[in-house]
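Pulled from Swiss-Prot, these are the features on record:
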REGION    1-22  region 'Disordered'
REPEAT    158-199  repeat 'PFTB 1'
ACT_SITE  493  active site, proton donor
REPEAT    522-567  repeat 'PFTB 2'
REPEAT    599-639  repeat 'PFTB 3'
REPEAT    648-689  repeat 'PFTB 4'
REPEAT    710-751  repeat 'PFTB 5'
């Protein structure tokens, strides 16, 4: 049976997969927030094992209708470890029945009682942060190349990865970019290769053969995207001459160039950094019999007859979210024909070697400053591969191995690689605000105390070492990360939400929620937020916007949009306004003028980027309902109202126009990729969208004008609650880079609690 381990206990043992040990793990705070799964064959009662088998069977049977796991393995474990003693009857409200405060209060207590049982001992809420389907392949390819696949991933790990891939294979035989997406060559070719590397035969369960047919029917693997071409090249089933150039020498260019990688969005920068190393070395792993076989399986013509030059720009129409503009094709052709032939030979090759050394310096800096977690799963495995390519026996490679487990999560649909090492801090700050909104927070002092400790101990206390300008890093001291302090990358909205949470908790007695954060640390957080405001008033994610929008012309990733620079977002900007406004109320004398100017500019930015129909586009959640919540909440925090601000007026009208006839809101991920509001299939409501819309409208004073939509939405949330106080997992609600969805599994609990809490206190009690 699989067991979730948290925090310090994760450093004991090897994660059940071999290769990891306490010797090769580093931590700033005793692994706070770390979450790994271990397999223990002796664990589990017959009843628990049957529960797990039943959950797996139900997922398989409904896999084409319900793509998202319900995170049941974790819930089964916590039900045994933290049983709830509360016995509050379930509430259901008929369509003709009035929503009463008593019913809302009972629903909230049942919800928080349950949610408290799935809180980890260290104070955060673990959960599934999967969704993308292109992450596990990079890991399996890297482990296969380095000869550590079977040594590091146990047969149980490999079995669960195969289960996950089979569960999320589409009916046509392919795999999408994410669990709810239609089949793409990127997803299908990579996951097909993954199954083969894991030992599945060419006709495995009929599904492998079906996947190969999809690949061949769509032109073969030469039509995979540029990221896919890179992975296939290092594996040895595609030639480097079929890639557009990624010259590492760009890292030697002066920073004043607008296209310098140091000016790019950090995720983009940190992915193309190791890619440029592998490209510059033309690195290829061992050519095994499986690799030889894959060369025959993946293409419509014999491998030696493929026109690799033509394949450089070949991309399946199913993958083409961001087609290459002409200027990009000209750039790649120039580098391919004129630049690369020179730098492959002496004397220019000496400059390449210098560039490769520089790239490896930056890779090691990233590794060391994230305790070998890295900023995300893509550069995690790429950096690990680069360390092995540099020296297979290096300490750096050994330090990478145990941190793989930080990214692996298991649910009833199998084992997946998450989009980060978790969403620990982010979810915890939202959970705190949700519980506090209910006005019954004192009843859950132990839950809040543990969450408070987690948030306090996850704040980044030091800047990265060395010259930050040389390493292209922003200040970190005082910031909060998305996940753990060991990860450590500072983020604007995480810092804002962390600051909001600790300020709100400071209003409670320390006997209830623990000691407040030292005021100097609040000042540090404010300093980070103020330092991240761009000249247009907006806030980006990790850093200031360092270059120009036109740089997107050289975005080589056909699958993703707006990845080259760190753009300002309504979500990040709103969070900054909210945090600074809250801070200013308690500490009015600290940098008052700077804070007021920052808030004013940020509010103006939010107004300026609003669409003419009253909407904002959500870049990190689905989609217009998510952004609408942030947009309205930010403007209200800045002092705007429905009466004196046309932006809030228009935003409310927009949200109300999207309310479903049955009540509530239900927005499809298609809104993100198509940039047009799209309802879920059959116009179903979604509890998370409904929660966001409710919170936005309540903040904008909808209860004073017409509370009817709020009553209907509250009824949806109350009636959605499950018998044990949990809420159902519905469609995927997270997004990044416009086109890829990601799971925020905690949202199903957080936002019904938050919305009903605000509804109870600000709507029902105001009537």
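For all residues, glycine too, the Cβ spot is worked out from N, Cα and C.
Worth saying up front: this structure is predicted, and the values here are computed from it rather than measured.
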Quick test of the contact rule: Cβ under 8 Å, at least six residues beyond the ends. What residues does that give for the repeat 'PFTB 3' (599-639)? 533, 536-539, 562, 567-571, 573-578, 580-582, 584, 645, 647-655, 658, 665, 667-669, 671-672, 675, 677, 689, 692-693, 695-697, 699-700, 731-736, 738, 741, 744
Same-chain residues at least 6 apart in sequence with Cβ under 8 Å of the Cβ of residue 493 (active site, proton donor), in sequence order, are 539, 541, 571, 572, 575, 576
Would the repeat 'PFTB 2' (522-567) count as touching the repeat 'PFTB 4' (648-689), i.e. at least 3 C-beta pairs under 8 angstroms with sequence separation of 6+? no
DSSP-derived helix, strand and coil totals, residue by residue, for the repeat 'PFTB 3' (599-639): 25 helix, 1 strand, 15 coil
Across the repeat 'PFTB 3' (599-639), the model's average pLDDT, rounded to a whole number, is 99
Taking helix as H, G and I and strand as E and B in DSSP, count the residues of the repeat 'PFTB 2' (522-567) in helix, strand and coil. 16 helix, 2 strand, 28 coil
May I have the DSSP-based helix, strand and coil counts for the residues of the repeat 'PFTB 4' (648-689)? 21 helix, 2 strand, 19 coil
